[in-house]
């Protein structure tokens, strides 16, 4: 059996751990051969491959990124895309394809598998943890640890000075990183895309915090929005408030708080450091187990499925179910965190 | 309502996070007052208390250890113990008791609650992750991260030299830390208490590893045992093999491998660094949510229960169920890891 | 002998390590008593003190911030300031004062000591490493480690994607953090305040980098400036280019690069996480030795001096020398790094 | 000009950073070509080489170990060794040789350069920091950081329990790691090879520590010895006390303290994790600058020299001076730390 592997979408610590587990188990236990496709769906679309065997996966477990490269290419949006993918899979004698990616990458896999008979198994990946049907995706724990360590360091300054500290974390559509890191880091305010915030309420929390002689730390997801704000530009900035394009919600918030409370505010924008570097132990464990179970599904001929975490078990779910909707933060869960605000 | 809190058993990162969450939600949402009992069950037994209010829990979230102290005192094994506990609870007007601890501490809570009508709620704690009825206990993720980072560092030496590297991690009765850290760190052999190892097989893996010009890394749980070995002393050492008392399984293994394969072997014994220091983000999140849900159980008058993690939910289970048996590594799960051995 | 201690200026990991060393050696070896003054020079100015003895310094070694608090209060700029400081020192029977701080705090100490006969010993502190007369100041190594770890994580993304990654670090007047972290992190461009950069040259490096199929990482000190730019606002932003106030040089750079090269660019602004949290081992060692030697100077009655690092030795220099001018990056040293640009 | 490069002796974080800096500057600024010799002096002895150019050094800066491999081979102890080295250098048209290593590796370079006219430049490397003529060697700061983090974690347990915690760190002949990490970590006792310890005095410190309700942490260098002890075996264990061979001074100490004070004691043996993994920012900076300056010396034809750190400058010293004697801890410096004992 020859198994193709591709990784699509944004960076995510743990991708290499999945690839390694697939290859180790596939080769050693099932006698599979592997074909690595380069740069996500561009690989099968354009027939770009990379050797993928046991020596190729040696030492990659702790490394961020992906040895296969990635892209956002979507063969369904390319003229004749499906036919070209099929041809290239045939040319490389690929019997099954493992697609590791987020909503978009897996959505393609769901369609190719369901409508065009290409035997796909999916492995869920998103740093934002917003993929349905799995308790967690790998990469998320790493991002939360990085953000939490950053918040920890801000506490020192918060103790010593009278400044508001704003930290902007990833999360355009879902506030999982902000919520987990905010709780783990002991933030005084957590703002997420799922819940439009009231800037007056935020300023109230800021002022009540100063009364205990301690400066407030505010964690804000990049996709969070004020109640009356409007997102006018594609990159999440708030032009309706008259601010520059590359300046995000963190800077906007700091500026508004300064204006309204008279307190100095400073911003940290974590940016891509949240999705780079070595994966946490949890993410390596999860990614490794996803890889082991995905190759089992391939061996079983159980296509159109995605591996998923449920409790401590790895299960198989329909690819279509997994990509049907975004997993956002439940209002009740967000409310639970509210006891620590202010 | 006045709520007593105690922490029992060994150190575990996240204890303070539980205490903080209990107090923040109890005071702010339910108007509770708190009594901190010192040093586990010794506190209620001897009437030793510590002030526990919002200022007392400020800044403790990221700190290891427990502000309440701990002990292994068991009031059920002390003459007149139950009566004394009851008297002290009455004296401090305590309406409910939250016991945070492992098998022993919660076992006492189960008995006091079930047989003596003392209103207890339990919060599970064990670095070893071997407590039944919950997917994970806090402290475990931190320990696994520490052990994984240590293994990562050993890989450098393994790449450059021809030495066998043995790393001994915690786990007397259950191999969870060894299994998770071994998988996450890319170890070549993982030895756990649940599965008696064959020293010849281990030496076989060692020798096959050297053939790929790379030295083997062996993760061994402190409670792991060779097939023919016998544990004669209480601290896990192998006197039947004629070795000194403080020298553990890691040293024994290194010595045997040197003798049998002729390769140099070196040992790292992580010891207590696995249970100290700041908790990981996951452990802070889990500990915080345990605290929030435990005080909800108190408020609901739902005693005799323990909070537990199931998937991403916090649920309540019977204290007696939780302490009924040890959660050990399933043979199938251990077998899954075997693909990476050698 | 009664010794006053104060910490002034911005946060810096290692302040508590100095305080602890002063007190431990002063009490144990010399029989000193200590008076902690709160919030920098505001303490002696307003007579605000804090108990400072061996129990007070227990456990503070690894903690960021300062148990004494800090401020930028300058008694020389306050009406009757010197007299009030003298009165409060007399009131608390203080025989000598140890001032821990940067240019401003030590400048006050130099004047009070030189012109007003107040017996002062200085301990140098600045995260920016721009204080003259000492090889390094504590806090700097911690900041460089934090920035280096952040750059490490960006490399993953740089490997996988075609994006320019900009990281803005501290350094308004001196580029030490940018230079050290940039070299240690393997940045492709390092921009410092001492050397006005040419945006065309930067874009040239960016484009040459993409030719080796690897995205560029640019480290920029917050005080760096383009050749033709003008700093119009106090917070280092570039209003002459028409950008918003809270948006700094990192965002400006990303925007310009996008505009000129057509490549996407993303920014990380580390902000205050560089000056918070636990000090690195080097900073704890340096801060501890500074404390031990400063109290020796007090005991010797050697006032008007500052302790300083020279090689591996702690020496005493004139306070006035130390604060005479800023230590900026030597052009030759910056040129040395140039081999790695592009 | 063709430049040979080799790395000898034990692992040390920063080796790859030196190699990268040599190659980047040599190729880009001086037009050098490079020949990598494999496995230390074995490379030139046996003519084993490895391609060494700019692509070969891409991405190696943060990686521990050495891409060239290492060994303890000494061509001066091999029949006809010098002639064979000369022949192989001639065969590969090598005009100059950069040897990166410790006392042994550089001692060979000193002899080959001084007595046999082979043009060598040395770069000092030892994790133990015991090489003369340089303020620091790279690798040392990384090891100290790792050991300090481990001690930090032990404090949690020390706070909560009544156990003595012993941590054994590297240092057979010099106690630099123990001294720096012990001071940085706030240890209560530091034992180094340069100063034979009195076990009764150690037990005295242990007992005085318990009186402040806090358990003692003891940092012991692997080469430390009790006053009356005798080292009978080559691996530093104390057979004269009747203990097993693989059990080191840490275990011995824990056992003796238990016996004499009646307190439980636990040991952590850090082992090879101290010399693996990514280098600290300081070590990367130092290693990079060593590389840049070593290639300058090659270009200048200034052979028989070693680069060394003096304050913040990189200087050149005679290779023979550097390897003349071991740099051990000065008794006065050790005495300075004594204020924190007990």
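Placement of Cβ uses the backbone N, Cα and C atoms for every residue, glycine included.
In TrEMBL, annotation is done automatically, which means it is predicted and not curated.
Per TrEMBL, the substrate site holds B:126, B:127, B:128, B:170, B:171, B:172, B:222, B:266, B:272, B:273, B:274, B:275; the candidate it also names there, chosen from B:163, B:260, is B:163. When pLDDT is averaged over the domain 'Phosphofructokinase' (B:2-298), the result is 92. Chain D comes within the C-beta cut-off of under 8 angstroms for none of the recorded positions B:104, B:126, B:172. The Cβ of residue B:126 (substrate binding site) has 26 neighbouring Cβ atoms from other residues within 10 Å, across all protein chains displayed.
Classification of residue B:172 (substrate binding site) by DSSP places it in coil, neither helical nor stranded. Among the recorded positions B:125, B:126, B:128, B:170, B:172, B:275, the ones whose Cα is located within 10 Å of the Cα of residue B:103 (Mg(2+) binding site) are B:125, B:126. Pairwise Cα distances among B:126, B:127, B:128, B:163, B:170, B:171, B:172, B:222, B:266, B:272, B:273, B:274, B:275, which the record gives as the binders of substrate, peak at 34 Å. Residues within less than 8 Å, Cβ to Cβ, of residue B:170 (substrate binding site) and separated from it by at least 6 positions along the same chain comprise B:127, B:128, B:143, B:177, B:221, B:222, B:270, B:274, B:275. The least crowded of the recorded positions B:125, B:172, B:266, B:275, judged by other CB atoms within 10 A of its own CB, is B:172. Counting other C-beta atoms within 10 Å of each candidate's C-beta, the recorded positions B:103, B:104, B:128 are led by B:128. When the Cα atoms are compared, residue B:104 (site 'Important for catalytic activity and substrate specificity') and residue B:172 (substrate binding site) turn out to be 15 Å apart. When the binding-site residues B:10, B:172, B:266, B:273 are ranked by how far their Cα is from the Cα of residue B:125 (site 'Important for catalytic activity'), B:10 comes first.
Restricting the binding-site residues B:126, B:172, B:266, B:273 to those with a CA within 10 Å of the CA of residue B:10 (diphosphate binding site) leaves B:126, listed by sequence position. Compared over the binding-site residues B:10, B:273, the count of CB atoms lying within 10 A of a residue's CB peaks at B:273.
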